[in-house]
Amino acid sequence: NPITLSVVLTSLALGTIFTVSSSHWLLAWMGLEINTLAIIPIMTQHKHPRAIEASTKYFLTQAAASALLLFSSLNNAWLTGEWSIMDLTNPLSCATMTIAICMKLGLAPFHFWLPEVLQGISLTTGLILSTWQKLAPMAILYQITPMLNTPLLLTLGLMSTLVGGWGGLNQTQLRKIMAFSSIAHLGWMVSILPFSPQLMILNLTIYLIMTSTMFLTLKTISSTKISSLATSWSKTPTTTALSLLTLLSLGGLPPLSGFVPKWFILQELTNQNTTILATTLALSALLSLFFYLRLTYI
């Protein structure tokens, strides 16, 4: 129904706008809830058991993360008397808020829902889940950056890049590969966030462009598995070549645009005397690059 679809898409847009533009925790929480409830009908529009399972997993995870976010803001308001997003001063509230947002984003070790959910939904819905749904939680993270626990963020970022690399190695489903790619990229963003929020915005922008391109390309050539990607070269050579370039850009190969944020992030981490973290991140990028290259060879 076009009216139903327009209401759902409007709610999806409004939920993110609410969260991004609010300075009060209750409004931010409300925006995230609207966002979650709006995408459920989109996920279940194809009446298939996998889609229903994926939407149930997504709803339960997001509901738990929202409850933890509300608990963090309530705890902070109880102790400080402030509901402003910029006044998150209680250390316990900071830690629980970080965990809640990482659950919403799908960062390791709270990543288990993301590959399963992406595998159970269509490519178009997967595009929304991998791009638009990341904006609101990243906006909250960006706003509360000065109050966050830096060692916790760096640990989560490092774990995410390693899990994103290792997890994608053994996959044959393209949607699961894109899910692990998303986990790895979010790990890079979270790792640089305490030191340079502007670099996180740059990385997020390029990630959104590249992921959108990849999902739309896969939708155009109707590929959901590696085997179907292998046969698309004879049918649509130009589109397939574009998908290969996009994959290499996601992997961070120079001179493609995906290399720029990784280069800047490694440079900034080295300047901040976190050379070991920068080295580990660079090595974890090799894991991701391996399965991207495997797809391009196919």
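Any Cβ shown, glycine's included, is placed from N, Cα and C.
Please treat TrEMBL annotations as automatic predictions, because they have not gone through curation.
These features come from TrEMBL:
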- 22-286: domain 'NADH:quinone oxidoreductase/Mrp antiporter transmembrane' (DOMAIN)
- 56-75: transmembrane segment (TRANSMEM)
- 95-114: transmembrane segment (TRANSMEM)
- 151-170: transmembrane segment (TRANSMEM)
- 177-195: transmembrane segment (TRANSMEM)
- 201-218: transmembrane segment (TRANSMEM)
- 239-256: transmembrane segment (TRANSMEM)
- 276-295: transmembrane segment (TRANSMEM)
Maximum Cβ pairs under 8 Å to the transmembrane segment (151-170) among 95-114, 201-218, 239-256, 276-295 is reached by 276-295
Two-stretch contact, the transmembrane segment (201-218) and the transmembrane segment (177-195), at least three Cβ pairs under 8 Å:
yes
Which sequence positions outside the transmembrane segment (276-295), separated from its termini by at least 6 residues, show Cβ-Cβ distances below 8 Å to it?
154, 157-158, 161-162, 164-166, 168-169, 171, 174, 177, 180-181, 184, 187-188, 191, 226, 229, 244, 247-248, 250-253, 262, 265-266, 269-270
Sequence-distant residues near the transmembrane segment (177-195) by C-beta distance (under 8 Å, 6 or more away from its ends) are 102, 105-108, 111, 114-115, 117-119, 126, 130, 134, 138, 141-142, 145, 148, 150, 153-154, 156-165, 167-168, 171, 203-204, 207, 211, 214-215, 250, 261-262, 265, 268-269, 272, 277, 281, 284-285, 288, 291-292, 295
